[in-house]
């Protein structure tokens with residue numbers, strides 16, 4: 001249960017950073033926190049009390065003793081995609097800084113069209 | 001301040017909604033549905049010991065191809081973004097100390113080796129192409145941090161990356177032509193716990209590992225190059 | 001050797017890819033590669049003559065097998081389109097000669113041909129839709145390589161293509177969920193028992209999509225600018241292939257899938273046709289008259305052709321929607337004939353532009369001595385366009401007129417005949433302004449187009465002449481297609497039509513011979529009786545002044561200004577204006593909506609969060625309530 | 001789940017949350033980034049305790065190491081102080 005609660009808390013902190021913070025890097029950190037929280041949530045959904053990792057070995061050959069592999073596989077994808085999204089965001093931030101000389105989103109107002 | 005409180009309430013509402021939703025799924029209780037099928041059938045169908053790998057690569061291989069594509073697009077995006085802007089500002093990175101330099105020399109080959117080990121044993125032990133590739137990229141990151149003058153040969157990295165991606169697609173197409181569906185298993189499953197088992201997973205993960213490693217290294221190179229990429233940026 | 005339909009479809013695509021790869025080696029390698037792959041479809045199609053195949057399954061989607069098939073109609077059209085693609089490709093090689101992206105153009109070209117085959121062979125509503133959209137997309141890319149305004153044209157085209165696509169997609173999805181299958185046969189079976197509103201709505205949705213591609217009147221707005229600004233070889237494809245694909249689908253859907261019987265069952269008959277077909281007849285007639293009259297006052301060579309093309313597709317629509325064996329035969333024959341003669345016109349105009357660099361009629365003139373072969377081709381083509389024997393346009397228009405007489409529709413007949421006269425006016429303006437009159441000084445050095453570029457014009461001109469004198473050749477295919485559509489094919493002979501109900505006997509060679517005889521007599525009188533003297537164009541005087549070469553003395557701007565004055569009040573009413581007003585309205589509304597976007601990142605994030613909060617609240621409250 | 005492991009994971013989660021709060025609170029962006037990386041590393045340990053070694057490995061290699069490197073580079077290339085509010 002604590003896993004759920006802390007995952008939700010992490011998500012909440014992330015959303016808070018996303019809205020309240022004015023600094024672009026803080027905003028990206030907020031995004032990253034949301035992603036981490038969601039990954040934690042998904043993996044903890046798949047957890048089953050008293051079962052082991054879904055990897056067969058010479059000791060563990062019984063499939064009924066394993067936790068759910070599907071959330072883990074999904075989270076694997078999610079982490080990689082999160083990292084690539086982050087790299088892209090970081091590149092944007094650096095470019096914005098080059099152009100405007102600031103990280104404060106209140107001063108970067110060219111999103112209007 | 002009022003703003004913060006209002007948004008705090010909003011966040012609480014959102015989290016409460018997720019929490020109410022989650023209350024349907026008790027923690028630690030077995031709620032497997034598809035998972036059961038994968039657990040029961042992984043060994044006979046794929047011959048891989050790591051069920052997570054078999055799910056990512058065998059049952060949901062098409063997904064992973066998409067994931068690789070996303071990664072590729074992100075690397076491309078970073079490269080494009082960097083070479084679009086003018087690289088005027090030069091900023092010297094701090095000179096690293098002696099211990100880092102020597103330590104990097106010692107550790108770097110082992111990092112590469114470990115990375116390769118991880119992605120080659122993806123179907124047997126925890127890990128796989130993404131993790132191994134990331135580890136390899138970390139090795140290059142270390143190299144960058146330790147040695148000011150490091151600059152990877154982008155052409156070769158692009159080649160490796162392309163070959164890795166091509167492996168994936170070609171194996172998929174082989175499945176399409178030989179078995180009638182994209183990414184069908186065309187290789188024998190082998191015996192469990194052997195390195196050469198798991199059908200197409202081993203070659204795919206080797207391809208993915210190489211691809212991810214070179215891609216993330218490229219991203220790092222893009223991000224690190226302020227001083228160094230004058231020549232790389234010049235050819236653009 | 002046995003070629004499957006899928007292989008025919010893939011042949012040009014493979015060829016294009018190979019050619020694209022070959023372009024790395026040498027341009028000649030690329031050209032020859034692709035040429036081979038453009039000729040191959042003829043051989044592959046050969047074995048499908050006189051065959052009807054309905055279910056060649058190639059893919060499974062949503063548990064449904066998608067199938068390809070071929071019938072007499074699609075066989076005829078795929079043969080014709082293969083020929084036009086081949087010729088347009090030869091032309092394209094010259095047109096994109098200097099262009100950087102000719103390799104890419106060839107690749108797009110190959111995909112276009114594959115997609116056209118796909119539409120012709122499709123036997124289910126999903127495949128046809130997908131291939132149709134591929135056509136639209138590739139045409140969109142190809143247009144952009146054209147003249148200065150082409151990007152504007154691109155936008156207009158894609159907007160309209162998307163309107164058509166969405167309307168068709170709605171019908172496809174709706175029918176799929178109702179009938180549970182994509183196949184033409186199953187859809188047809190479902191429709192025969194479906195409630196009337198469903199039949200009407202899906203029919204209108206489909207027909208909007210087809211008629212946009214065929215540029216029929218209220219939906220033609222994209223056509224003039226697109227035809228005029230696209231590269232010349234693409235204009236040929238637009239007018240001779242893509243438009244005909246739209247009309248092919250119209251034919252298939254009206255006669256084979258929905259079926260005239262179904263319409264007669266659910267709606268009253270007017271003038272021996274179901275009400276909706278009668279409406280379509282009037283739409284076709286309006287297209288004829290407006291297209292023709294607007295074409296007359298154009299100043300741009302390709303715009304004349306564009307409007308003429310719109311008018312001629314009005315004839316096809318009129319003939320097809322008559323729904324009688326005679327009318328359908330006329331419509332189908334006109335599809336073939338129009339593809340041929342409009343192809344010549346676009347090729348010739350393209351060649352003139354290739355040599356002179358302008359498509360503005362007032363800058364051209366007197367090229368007859370410089371480009372004699374282009375002149376002869378265009379002469380044949382305009383005779384065909386005006387519907388005069390012995391060229392092919394005459395036969396199909398004759399059939400449509402006779403069908404109108406048979407249905408006793410004097411008003412529509414008058415319009416069709418008026419359109420015929422009008423078309424003579426604009427084609428005469430075209431040939432006069434380009435080839436006759438005084439040669440501007442800057443075009444002294446203009447040469448005839450290269451021999452390979454003459455091939456497309458000459459081949460099509462010969463076909464136009466052949467099909468005009470011996471209408472039995474195209475009628476062979478047309479009557480088979482008609483039989484496939486469920487009509488009693490009209491009787492025909494190699495040289496014309498025997499006397500039969502509703503159709504008077506016609507023997508084109510005799511008419512042609514009489515006409516030729518008349519010409520010969522006139523020529524004899526002209527050359528033999530009074531001794532005529534050939535004088536130079538400038539050996540003349542004009543308002544008391546001696547003419548010099550640098551003064552332009554024949555007028556080619558405002559050629560039909562008297563006529564322009566007559567129709568000017570009607571031009572004010574143009575449909576474009578309605579659309580423009582609508583666009584202005586949408587822009588105003590959008591401008592207001594835009595105010596939400598303040599340009600501040602916080603606003604966007606808070607918008608997202610607020611929406612998320614609203615959804616969460618709905619979820620929580622909903623959970624409490626239920 | 002073993003009671004010691006459970007307590008350990010509680011500890012890890014509480015630490016993670018504290019690190020996350022610190023990460024968004026501190027003014028020094030470099031420090032924030034390092035807190036963030038530490039949080040990711042702890043989360044990867046939690047994944048390990050949740051019997052997800054694959055995910056743990058990914059999170060450690062990609063989420064903690066690479067992401068942090070990207071952050072550090074971004075901070076290095078822009079500015080280090082978060083001087084708003």
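Cβ coordinates come from backbone N, Cα and C, glycine included.
Taken from TrEMBL, the feature transmembrane segment covers C:6-25 (among others). Long-range contacts of the transmembrane segment (C:6-25) within the same chain, counting only residues at least 6 positions beyond its ends with a Cβ under 8 Å from a Cβ of the stretch, are 31, 33-34, 36-38, 40-41, 44-45, 56, 58, 68, 78, 85, 103-104, 106-111, 113-114, 117-118, 121.
Annotation source TrEMBL lists transmembrane segment at C:32-49 (among others).
Residues or ranges marked as domain 'NADH:quinone oxidoreductase/Mrp antiporter transmembrane' in TrEMBL: C:122-417.
Residues or ranges marked as transmembrane segment by TrEMBL: C:128-145 (among others). Remote same-chain partners of the transmembrane segment (C:128-145), defined as residues 6 or more beyond its termini with a Cβ less than 8 Å from a stretch Cβ, comprise 96, 99, 101, 105, 108-109, 111-112, 115-116, 118-119, 122, 151, 153-154, 157-158, 161-162, 164-165, 168-169, 172, 209, 213, 226, 229-231, 234, 237-238, 242, 245, 249.
Sequence-remote contacts of a segment are chain residues at least 6 beyond its ends whose Cβ falls under 8 Å from one of its Cβ atoms, and for the transmembrane segment (C:157-177) they are 62, 64, 125-126, 129, 132-133, 136, 139-140, 143, 187, 190-191, 198, 201-202, 205-206, 208-210, 212-213, 219, 221-222, 226. The transmembrane segment feature in TrEMBL is assigned to C:157-177 (among others).
Among the features that TrEMBL reports, transmembrane segment is placed at C:189-212 (among others).
Annotated transmembrane segment per TrEMBL: C:245-263 (among others), in sequence order. If one looks beyond the transmembrane segment (C:245-263) by at least 6 residues along the same chain, the residues whose Cβ comes under 8 Å of a Cβ in the stretch are 73-74, 77, 116, 119-120, 128, 132, 135, 184, 187-188, 191-192, 199, 203, 206-207, 209-214, 274-277, 313, 316-317, 320-321, 323, 328, 331-332, 335, 484-487.
According to TrEMBL, the feature transmembrane segment maps to C:275-297 (among others).
Residues or ranges marked as transmembrane segment by TrEMBL: C:375-391 (among others).
Summarising the annotation, TrEMBL assigns transmembrane segment to C:411-431 (among others).
Beyond the ends of the transmembrane segment (C:451-477), by six or more residues, the same chain brings 72, 75-76, 79, 83, 87-88, 90-91, 93-94, 329, 333, 336-337, 340-341, 343-344, 347-348, 351, 354, 373-374, 376-377, 380-381, 384, 389-395, 492-497, 508-509, 512 to within a C-beta distance below 8 angstroms of the stretch. Taken from TrEMBL, the feature transmembrane segment covers C:451-477 (among others).
The feature transmembrane segment is assigned by TrEMBL to C:508-529 (among others).
Residues or ranges marked as transmembrane segment by TrEMBL: C:604-625 (among others).
Taking every recorded stretch in C:189-212, C:375-391, C:604-625 and counting its Cβ pairs under 8 Å to the transmembrane segment (C:508-529), the highest total belongs to C:375-391. Here the listed stretches are C:32-49, C:189-212, C:375-391, C:411-431, and the one with the most C-beta pairs under 8 angstroms to the transmembrane segment (C:275-297) is C:411-431. Note: the stretches the transmembrane segment (C:375-391) and the transmembrane segment (C:189-212) are not in contact (fewer than 3 CB pairs below 8 A, sequence gap of 6 or more). Remote same-chain partners of the transmembrane segment (C:411-431), defined as residues 6 or more beyond its termini with a Cβ less than 8 Å from a stretch Cβ, comprise 281-282, 285, 288-289, 291-293, 295-296, 298, 301, 304-305, 307-308, 311-312, 314-315, 318, 345, 349, 361, 375, 378-379, 381-382, 385-388, 397, 400-401, 404-405, 559-560, 563. Using a Cβ-Cβ cut-off under 8 Å and counting only residues 6 or more beyond its ends in the same chain, the transmembrane segment (C:32-49) has close neighbours at 2-3, 5, 7-8, 11-12, 14-16, 18-19, 22, 70, 75, 78-79, 82-83, 85-86, 89-90, 106, 110, 113, 117.
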